[in-house]
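What Swiss-Prot says about this one:
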ACT_SITE  Tyr137  active site, proton donor/acceptor
ACT_SITE  Lys166  active site, schiff-base intermediate with substrate
BINDING   Thr49, Ile208  pyruvate binding site
SITE      Thr48  site 'Part of a proton relay during catalysis'
SITE      Tyr111  site 'Part of a proton relay during catalysis'
Amino acid sequence: MSKRKLSGSAVALVTPFRQDMSVDREAIRRLVHFHIAAGTDILIPCGTTGESPTLTADEQTEIIEIVREEAGNKMLVAAGAGTNATEEAVSLASNAQKAGAQALLSVAPYYNKPSQEGYYQHYRRIAEAVSIPVIVYNVPGRTGSNVHAETILRLAHDCENIAAVKEASDNMAQIMELLASRPDDFSVMTGEDSLILPFMALGGDGVISVAANLLPAEVKQLVTEMHEGDLEKARVIHNRLRRLFSLNFIESNPVPVKYSLSLMGMIEEVYRLPLVALQPENKEKIKEELRNLGLVS
């Protein structure tokens, strides 16, 4: 296969639940159409923001099927499909492809802390098991260890369908090495909303965003201004959204963003344990900022 260049504004979709803890299928459909209207480029269900660790394999498959059905050909669906056991990750990836995913986001193995060679072999095994693009998800803050730039670049060169990395570290030296040394058809996207502007100023391709759950058109516009080289317009958008970017992580993601969506009337405020509701003082901070942004009254 030829790599598809992945770029633009991707949203790490939340997974809405009902009060009985079941997946809220109708809310998922509403969210997809919200993003179609806003011009989001890529939908990513079943990732970290989608509470994937608490979803069963059957639930993940159904969510991907719903998102793909509703999205149609209007945007790319890149499903989260990763874990720290390689063969289980392969199974999740294969099931996601069968469910209609057009690309995969696969988190770096966590807890067992593999060597760089272990990371390489893990991703190579996944890439060989599917025929769609694979996005390496490097998030040291959650996994406890870092996939080095050299390992990511080796995968990009050796594996035809290792198409991108979601770089969710704040290691600017690593980011610059990836951007300077990557193949032309390999995408580097940030996983940090607060870094969209500097990241793309260095040549990054876009963002896999949490904030886009709330303000998809604005995040898309920020990415577009950076692609078009209008730093001044991008700076205005960044400064307007920067407090929201921070508040989305005032407690563990996705709790803050799901609370915000509940205030906006888009989902119920339900989390699966071990995630729990925000502290009252943090709810007030988020409410205040949503009012400032005109998202709630």
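We number each residue from 1, going along the chain as drawn.
Placement of Cβ uses the backbone N, Cα and C atoms for every residue, glycine included.
Features recorded in Swiss-Prot, as mapped to the structure shown.
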residue: Thr48; record: site 'Part of a proton relay during catalysis'; DSSP (3 states): coil
residue: Tyr111; record: site 'Part of a proton relay during catalysis'; DSSP (3 states): coil
residue: Tyr137; record: active site, proton donor/acceptor; DSSP (3 states): strand
residue: Lys166; record: active site, schiff-base intermediate with substrate; DSSP (3 states): strand
residue: Ile208; record: pyruvate binding site; DSSP (3 states): strand
Spatial neighbours of the residue listed as 'active site, schiff-base intermediate with substrate', counting only the recorded positions Thr48, Thr49, Tyr111, Tyr137, Ile208 and Cα distances within 10 Å: Tyr137, Ile208
Alpha-carbon distance [the residue listed as 'active site, proton donor/acceptor'; Thr49 (pyruvate binding site)] in Å: 13
Recorded positions: Tyr111, Tyr137 - member with fewest neighbouring CB atoms within 10 Å: Tyr111
Cβ neighbours within the same chain of Ile208 (pyruvate binding site) - under 8 Å, at least six residues apart: Ala10, Val11, Ala12, Ile42, Ile44, Gly47, Leu105, Lys166, Ala168, Met189, Thr190, Gly191
Cβ packing number for Lys166 (active site, schiff-base intermediate with substrate), 10 Å threshold: 28
Alpha-carbon distance [the residue listed as 'active site, proton donor/acceptor'; Thr48 (site 'Part of a proton relay during catalysis')] in Å: 10
